[in-house]
Amino acid sequence: MTLELKGITKRFGTFTANDRINLKIEAGEIHCLLGENGAGKSTMMNVLYGLYQAEEGEILIDGKPQRFQGPGDAMRAGIGMVHQHFMLIPVFTVAENVLLGHERELGGLKGARKAVVELSKRFGFDIDPDALVQDLPVGVQQRVEIIKALSLDARVLVFDEPTAVLTPQETDELMNVMRQLRDDGTAIVFITHKLREVREVADRITVIRLGKIVGSAEPTASSNELASLMVGRDVSLTVDKDDAKFTDKKLEVTVLTVLDRIGQKVVNDVSFEVRGGEVLCIAGVQGNGQTELTEAIIGLEKPASGSISLSGRRLTGKSVREVLDSGVGFVPEDRKVDGLVSEFSVSENIMLDRYKGAPFVKAGTIDFATRNEFAEQAKTDYDVRAQSIHSPAGSLSGGNQQKVVLARELGRKLELFVASQPTRGLDVGSIEFVHKQIIATRDTGIPVVVVSTELDEVIGLADRIAVMYRGGIVGIVPADTDREDLGLMMAGEMPEHLKAAAEEAAA
Amino acid sequence: MSEQLAKQAAPPPPEGEEQVDRSREFMQRLMTGTPMLSVLAVVASLVLGALLIAFTDERVAKTAGYFFARPTDMLQALWDSVAGAYTAMFQGSILNINRIDTLQQALTPVSNTFYYAAPLIIAGLGVAIAFKVGLFNIGGQGQMLVGAAVAGWIGFSVEMPPIIHVTVALIAGIGAAAIWGGIVGLLKARTGAHEVILTIMLNYVAYWALVYALRSPDLLRNPDNNNPITPGMLETAILNPLPGFKVHAGFLIALAVVVLYWWFIERSSLGFQFRTVGLNPAAAKMAGMNVGLITTLAMLFAGAFMGLAGGIQVTGQVTTGFTSHIDAGIGFDAITVALLGRSSPWGTLIAGILFGALKAGGYNMAAAEGVPIDLVLVLQSFIVLFIAAPALVKTIFFLPKGGRK
Ligand SMILES: Nc1ncnc2c1ncn2[C@@H]1O[C@H](COP(=O)(O)OP(=O)(O)OP(=O)(O)O)[C@@H](O)[C@H]1O
Ligand SMILES: [Mg+2]
């Protein structure tokens, strides 16, 4: 089967998110969509999936025009979608989730269970149809989404940034599944910002910029070529930086232990030191205590023991407000939930953690002129693509939301900067920009801590790397440490030959 | 491998969190509808109200008996009943063109609307400000009763110079009700108890405490009267009506409070924190806001508004002594007012005036056309219903439902 988008135009108010898009998706192909943040990829897929109605253009399946009023119509026409944020019900079992919404088609719970078993067998998934979804790891939940789509005989499967939340192994496994689906004759649309993945699985690459299709590329193209095609200019995929120039400022974390709700140690006797003028990257697989560590620094988590101090002043025991006021800039891991209020405008978000005193508040009243001026400036400096500073932050694409957070956190004088997953979901151009900002912040002479699960990012930014595993630090090693070795450390093993270097780096 | 995977599984959400998110989302949906939707909800309710008037009208019922013989009779009766009722309502609340001989006559309906609107607007803000922080203040009744009792007690038992007396009475009412509301916020912030349950329970506490106080001559009861009613307010503690009208300074106070609320929500630093906590408590915490404190303050302020509304009830609306029904259901009407006004300052003002008009017009309609005043309650209920179900309104008026995000 062939799916065709013909002249699709989708507008939000006066803003054109998709401009006369022509796209052909063929069975047995993995079709990658590449494009900057805000280029209109998700919008296009939401039109295809019936979530949005296009103003112009049509969708053809095997030459026949389709009218999708909602996802139900799209599903019936054989289009499935695996969302980035899973749409599963945590307290339901796998089979119940697959059944949900398609009770008749699948023939009740029995049918759903059968479909899960059969499809699992076909793709070599090891999924128990009666397991509760909330007990499953993220990668497996994603497979449940895939099974849900396939159980309705989806012949086109759309994956919108499926790998953003996966570990490298899970990503590899997902790509295998995509290949297998393709070989079975499913058409696959794959959206990702990671060029390595694109080059690995794509059969065809379409590049979209500012809502328009600007061309296609061969899977054999180099990362640099793909990047510049996407962004429209040359992008440096590596981080340029000089050697660290240390200052007297210093973040000290001493035998810090944080317990979770049920009293387990999620951060376990962690000690390290970050000097002014250097970047310490904290590497590790998601969920090994990094989140809790950063939350302890910012004052959201009360540590069970240990201390944190910044240039001699204690941070432990202070409220978030006091920590922020002592000059700590913080980029939270989940910007949508913790970093922004999506209903608020860009300029309101710019003052989110500066709601007291100068420069934005005078005599208890918000000084709109000053704030908006600052927001305009930030919008220009950080190249935030928003219709205006009054647009709600929720309408911005992921990359632009992150720029708003950065603009806020870096927009004042800092003594320490902590960023968690600062480039998750960002396009290569924005990543380049964010990395430059982080290095520039380091060069002002303050300590910088970056938590990242992306090895490339860690290696590019770090002056030193600390690897976390199960709440503890496996080791602190120099930035030029071998990837293989870092991989081992992320699994909790400290290679013998690194021990000397680690001792030196930790000192 | 699978062990490693299992470890990365997102921790299951703690119990109850899911539920809270759901209700928060619903509340946000209630609040973020367009003004258009509010207008349409009112229109739809008026139409339903018309049907109700028509089908409970005796003449309509009679003429329906011979509908097929003389259908025009029934249609005429239908028209008469509905047009009559709504005309009476309009005449009672806005303008009666048969009575415009003097300026005073011409202005009477509007002034009555404003008279009824004053406590509704203020109480509406008491619900609205809690909404802004994501809290449902069902405790308007209790807070108003506390405010009214304290303001009233000062009004009839303490002697003070004019103006100062009313002012002190109102401020005391505000303070007492603020504490009454603040207790809820504090309990919610400290223990996580749900504000809906707390406010409902405190309604009972306030009501029965007032009933008790009204039985005892040492407390509130008028010693010269055997009924549970207080003495009348002293002359100095009364918001005197404009000569020839019912309306008094309460309406001006309401306008001032709306402006204050506007400044607070839209302009002030604290209001910014209120809105942040209401929309995204996680982000608020991360930005260094004290969510517990904001929750407490929100209920405190909500109580303060309710206390002022209660104070106006005793110093302006019913000055001859009050009973345990002095709240007049306004604590609950306020929820509708805030919903209809989407908790915005001007929206709440307009919704409050509309409800004032319904009340003023309703009394006139009951007097002139014999349609029970309860119709006003029915209309209000329909309005809430339509606002809670925007999809329904959109379907009725053939509006596009819009893509889900
Ligand atoms: N509901 C909406 N209202 C207004 N504007 C919107 C809405 N949804 C998306 N946009 C705008 O449309 C543009 C395209 O957004 P879209 O989400 O499709 O980008 P994307 O290519 O998927 O980006 P990303 O890589 O960051 O996910 C953005 O500029 C965004 O601000
Ligand atoms: Mg997207």
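Any Cβ shown, glycine's included, is placed from N, Cα and C.
Automated prediction, rather than curation, is the source of TrEMBL annotations.
Looking at B:1-20, B:221-240, the stretch flagged in TrEMBL as region 'Disordered' turns out to be B:1-20. Within its own chain, the transmembrane segment (B:36-56) has Cβ neighbours under 8 Å at 78, 81-82, 85-86, 340-342, 347, 351, 354, 371, 375, 378-380, 382-383, 386-387, 390, 393-394, 396-397, 399, counting only residues six or more beyond its boundaries.
Using a cut-off of 8 Å between Cβ atoms, the transmembrane segment (B:114-131) and the transmembrane segment (B:322-341) share at least three residue pairs, counting only pairs 6 or more apart in sequence. Only sequence-distant pairs (6 or more apart) were considered; of these, at least three Cβ pairs between the transmembrane segment (B:162-184) and the transmembrane segment (B:196-214) are under 8 A, so the stretches are in contact.
Two recorded stretches are said to be in contact when at least 3 C-beta pairs lie under 8 angstroms, sequence spacing 6 or more; the transmembrane segment (B:77-94) and the transmembrane segment (B:247-265) fall short of this definition. Through the fold, the transmembrane segment (B:196-214) approaches residues 136-139, 141-143, 145-146, 149, 180, 183-184, 187-188, 220-221, 228-230, 323-324, 331 of its own chain, all at least 6 residues removed from its boundaries and within a Cβ separation under 8 Å. If one looks beyond the transmembrane segment (B:348-366) by at least 6 residues along the same chain, the residues whose Cβ comes under 8 Å of a Cβ in the stretch are 38, 42, 85-86, 88-94, 109, 112-118, 120-122, 124-125, 128, 254-255, 258, 261, 333, 336-338, 340-341, 372-373, 375-376, 379-380. Of the recorded ranges B:247-265, B:286-310, B:378-399, the transmembrane segment (B:322-341) has the largest number of C-beta contacts under 8 angstroms with B:378-399.
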